[in-house]
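In what follows, a structure is listed as structure tokens, so that the remarks can point back to it.
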Amino acid sequence: MTIARRRPARVLAALAATALGLAGVAAVATPAAAETAPPPAGWPEFGYQGVITTKDADTIWNPTDEFIFPSVFHAGAHLEDPLAEWYLYYAPHDDPGGISLRYSDSLEGPWTEYAANPVVENVWDPYYSVPHVSSADAIWNEQAGRMFLYFHGSNSQTRWAETDDGVTFDYGGLAVDNAMGGPNVTETSYARVFEHPDPDSPYAFGMFYMGNERDDIRRIRLAESVDGRTWTVDPDYVVAPGVEEGRNVSSGDLWEWNDQLYVIYHASSGKSYARTIDPTLREVGETPIVLHEASGIGDDVGRVAAPQVVTDGGETYLFYESGDRLGATIAWAKDGADVVVPPPFGGFPEDPADPVFDRCAAPGSDEFEGDALADGTWDRVLRESDARHQVGDGVLTVPTYVGGVAAAPLLQQELPAGAWQVTTKVTVDATQRFQQAGLLLWAADDHYAKLDLGRATPGPTVELVYHDRGSNRLDSAAPRIAGTSTLWLRLTSDGDTIRAHVSYDGSTFERYGRDIDVATAGFTHIGPYAFRGTSGAPEIPATFEWFRFSPDAASYAECAAPAAPSFSDVDDTNRFATEIEWLAERGISTGWVLSDGSAEFRPVTPVARDAMAAFLYRLAGEPDYVVPTVSPFTDVSTDDLFYEEIAWLAERGISTGWVAADGTAQFRPLEPIARDAMAAFLYRYADVEGHETPTISPFDDVVTSNQFFTEITWLAERGIATGWVGEGNDGTTIFRPLNPVNRDAMAAFMYRLHHLES
């Protein structure tokens, strides 16, 4: 097991003589890091292999559904008649904690849970009674001829116990506490102990531990000991968090790799890092190296924390705390191994190219298009007379109602039987206490679960609440990305268990909080919600971009299978094939249907103005409106093919047509639309606000006095239109404002506009 070099025992009298001189030596604090250093040659590449601490009904000790801080001990090398070759200590963190043990004859498992867990509890008469004990770290103490187990209990003290068998312990005492670190220290925990690597040091053991201070920043500190029992705390930090790491660092350990010592640790970024360190434990590298981060594949998502590297038999392993802190578990990875991808929870498909099922959502989904909820999707609204939710601009807007679940109007639909998965994208800028929005599972007004983004008394929070008739279970933490106001929330049921996930990018979902038993919960409905409690916080809007049920694997395979092109004259060699196919999938264009049943798009045909009206109307979701009985244009009859669409364009102010001297207007429906007019149509359709018109044109052939200069420059600024390279490749760009717009280019413009808005 490679962690640090062994060293000979020291003469205690010599240690006492030098301790006073060492007490005044300040360590060199590590400067903040702004980037990561490239890993050296031969750096391990760990592949996720799975979870060790499963959370099923057979787990003997699992009071809080979370496990942290693995510590691997080579029992076969030190203990007489051990249960197995390797011991793994770990614990829940939240009250009551409890140091637990698993054992295995191989570092690759399987690991058997000790039947009498926990081996160390939060009450040990007559020595202590604390809310919890956690973060155990085991080391063989050669001087004492025993295994020492260090643990915190509670957060302000790190203690130790001693054992001959790794199972039954004698209480040792207090190793380090807040007072030893100085007057500003508020936590002293997450300690790992190792044999001191400096052969010239008077100390036999070193300890890295997490010290939190009044500024609420967690740093890694150093303590040293002559015997593993009496400790001296160094006055400075080993690692202070830099820009790369985020606000906090914790769970330091000493690791030797290719004859170089490193301090390894985890940080608020969700990654684990390594910094070079010298044998004195004072000279620390300024720039961190990424030791390991989640691959984002399968279950390998979320935090990688409390790392411990173990090398045995030529193989190197990483044991670590995986997932969000409130629902963490102990996982392992192996150097050089491929990531193991287990079947997804609930059996739902996982597609990195479409992680939120933008194309293949199941029935019950609502894209919130147009100005109304999807027909036949929603079953009811509780307290409907007070409801003020609205659909428009591609989102469902729900005000943060006064009160909570029992007072707020709730839009709901019935849950299907068996497995299901619901995902939504929510945005809420919660600045005051109890403003929140998210997904709500409902059985009764006093029996529900909610997964949300909001603000609690300590600050911004992501929370999973399970409330059952007065009993409240809360999993809550600050958002992993500070300042975020948008989250993707997902609830999944496999028919027996409900599990929550969150994503900060819409691609990688991290497990969040504790599972909920389906039978016990008995939820009947689900839906989006927003409220603000009764504390007097102002009402703010929460927006939901969509609400989607995931398809099952078979349905998704059928839906996602490559389809034949919608149009016989557009294949994958067409520059705008993706955009044209998107137009067909959305029903924005059906093309021309031929006698054999096939359809043509005619991509290089100019777009007529009436067809442009139809395209925009369909892009908007064919909103309901009162169609005028009198045409706004003299050259458009009320029975024209696209009359409804042209009249909608006029009503929205997207097109005014050409106004004659007598005050009448013409639309000229069959004329090709010019590129400058197209810019104006899209600009007005998007209802642009805040665009600052530049003083210099981005196009050589569009002067600043052009009638549609503002609209054309907005198109360029947003990347909707890029134009052409100027004549002779002279470095200029031209727009060709009076050229007609071809149908393939219009597909590209509308595709970019839609995805810009999304």
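Each Cβ is built from the backbone N, Cα and C atoms, and glycine gets one as well.
Caution: TrEMBL annotation is automatic and unverified by curators.
For reference, TrEMBL has these:
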DOMAIN    563-628  domain 'SLH'
DOMAIN    629-696  domain 'SLH'
DOMAIN    698-758  domain 'SLH'
SIGNAL    1-34  signal peptide
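For the domain 'SLH' (629-696), the DSSP counts in helix, strand and coil order read 20 helix, 6 strand, 42 coil.
The average pLDDT the prediction assigns to the domain 'SLH' (629-696) is 93.
Broken down by DSSP into helix, strand and coil, the domain 'SLH' (563-628) contains 20 helix, 6 strand, 40 coil. Here the domain 'SLH' (698-758) has, by DSSP, the following mix of helix, strand and coil residues: 27 helix, 6 strand, 28 coil.
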